[in-house]
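Structure, as structure tokens:
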Amino acid sequence: MVMEVGTLDAGGLRALLGERAAQCLLLDCRSFFAFNAGHIAGSVNVRFSTIVRRRAKGAMGLEHIVPNAELRGRLLAGAYHAVVLLDERSAALDGAKRDGTLALAAGALCREARAAQVFFLKGGYEAFSASCPELCSKQSTPMGLSLPLSTSVPDSAESGCSSCSTPLYDQGGPVEILPFLYLGSAYHASRKDMLDALGITALINVSANCPNHFEGHYQYKSIPVEDNHKADISSWFNEAIDFIDSIKNAGGRVFVHCQAGISRSATICLAYLMRTNRVKLDEAFEFVKQRRSIISPNFSFMGQLLQFESQVLAPHCSAEAGSPAMAVLDRGTSTTTVFNFPVSIPVHSTNSALSYLQSPITTSPSC
């Protein structure tokens, strides 16, 4: 398989893109989060779950490498002269893990996409971005908006939600999670100047008492849950994810907020990343925390996210064990997740010293 794959360095790929960009398909085999932080312009992210990888047993089908049917059809029809595979920094394809994304993608392309020449990018994205930064798209991390755009607070923000006028917990402004998804507090949601500066077209209000200040200007989705251990936020995951996707598909941007932008709204953003990108909770948590450092979903919400993870990543697991939000997900086997997260809700215990639980939390979601 390796003998069928050519090698390009950064200069070679630059020349290829300059001559035949429309006939060159770039497949980035890094994680979703690495790809989102920066990638070669026009490249496509290749990713699949560990369950799919395990089932493949070293022979991944092209439908998993290029899941977009139209793109895959063009590839099989010979519309692409070259397909270039890359990871973060590998110097040679033969050094890639046999069950890794890069090797599995190369194998599938060599077996099924015979009309195109397959290449491996030596040095990966790291080398190419250093040599040709103008051909790469990068997201600044964290990306936020500074607070003092104006000192006035709308009249509508002075009642119904006390935090709107006292953002003492805020560290900076709203943050970009994805190009179409932003996270922040009720105070940010009361600042039309901030929302307009970010290009926001819709808001998800994850609270029972914070008002929707500008219903004549933006589309709103209300999720009336409290930030406590009794609240079932997972039953709203599907609706929230569908709403975000509908705004994204319409070319809009969604701002998700609760009162403080710490627990409820962060939980919705985490669920969105986990479901749409099939990543584990700890990966999604680290990704969001890098952008808004004060996030801290309460202990119950973390448990609901873990249940969500077990069913998102394990398609054989019994969906009946999860919340209503999981009814349409695949089923799979259970997984064990170990992580360290701060939690902000009091934990009821006979020992009063344990008024707040600090991890590590070890959880084995069960089917």
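Just so it is clear, glycine is given a Cβ too, placed from its N, Cα and C backbone atoms.
DSSP assignment over the domain 'Rhodanese' (20-137) gives 55 helix, 22 strand, 41 coil. The domain 'Rhodanese' annotation in Swiss-Prot covers 20-137 and is backed by sequence analysis.
According to Swiss-Prot, the feature domain 'Tyrosine-protein phosphatase' maps to 173-314, an assignment based on sequence analysis.
Using a 10 Å radius centred on the Cβ of Cys258 (active site, phosphocysteine intermediate) and all shown protein chains, the other Cβ atoms total 29. The active site, phosphocysteine intermediate annotation in Swiss-Prot covers Cys258.
As annotated by Swiss-Prot, phosphoserine applies to Ser359 (among others), with the evidence given as similarity to another entry.
Here Swiss-Prot flags Ser364 (among others) as phosphoserine, drawing on similarity to another entry.
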